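For 12-30, 50-68, 89-110, 130-146, 167-188, 215-234, the entry in TrEMBL reads transmembrane segment. The annotation domain 'Tripartite ATP-independent periplasmic transporters DctQ component' is assigned in TrEMBL to 105-236.
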Amino acid sequence: MAMQPAMRFGKDMMWPAIFVAAMMWVIWFFPRFIVSMGKANDNLLSKYQSAGLIDYVFALVALVALIMGIRTARATKGEIELRSSFDRFALFVSRVTMLILTGVVGVMFFEVVARYVFERPTLWANETSLWMAGFIYLLSGLYAMQQRSHISIYLVYDQMPRGLQRLCDLISTGLICLFALAILWGSWTEAAQKFMRWETFGTAFDPPLPATMKIMVIFATLAIAAQAVANLIVDWHRGPESHGVVDESEVGEMIESAQHQFDHSKRA
């Protein structure tokens, strides 16, 4: 019986883990796909060949893992019930973010051991952890939006009738969408150029941070806006909302849930 929750946790993380592993290959060798599309500049043509069978296999595996991960995503104790496909996607992204965070810890631990125990520091650990942290920062906002966990001030909101609460929700969602469209309009051209020429960081390891992070800012912002719209639709017919004093029992349940997940992650 003790292994049942651990097995369930491992099953929930299976498709996100496969997705992360496949996307590591796809992202690192993405210039091959650019060459195959005929969009590569002279610099990429001199360094990379066209995408081969193994590249397309990894891309297909990533796509299958994405689809299956979204379909099988389910909320755990302490998380909001899934009410839409957007919720499932956000939950899948949150699991991917958890794995990336684990990767950051592993990379930093490896660098500390290599530097201070063996006196052989790496050239790639700092940039890799920075790269992965960028993905974590951008992707975690989607999960926070799905869980309605962004910081909000309810002093006036809670005193309003439900009709005015809906109006406030509509205005805030509209502002989020307006901001997302502004980001898309103002950043798309530069982001696309950096991505298609696969602009790198300019260090010894030289990872493609500018190429990937700029486009990820746009993707994350649009995803958060889409989730905000989904939240608005799902919550539209709910009763009046009230956010009173924090219930100590709820805090205890949150701590218990976090400890529960941590214990099972160690066993897994």
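Yeah, the Cβs are placed from backbone N, Cα and C, and that goes for glycine too.
Among 12-30, 50-68, 130-146, 215-234, 215-234 has the largest number of CB pairs under 8 A with the transmembrane segment (167-188). For the domain 'Tripartite ATP-independent periplasmic transporters DctQ component' (105-236), the DSSP-based tally of helix, strand and coil residues reads 99 helix, 0 strand, 33 coil.
Remote same-chain residues near the transmembrane segment (89-110) are listed as 12-13, 15-17, 19-20, 66, 69-70, 73-75, 79, 82, 122, 125, 128-129, 132-133, 135-136, 139-140, 142-143, 145-146, 223, 227 (criterion: CB distance under 8 Å, separation of at least six residues from the stretch ends).
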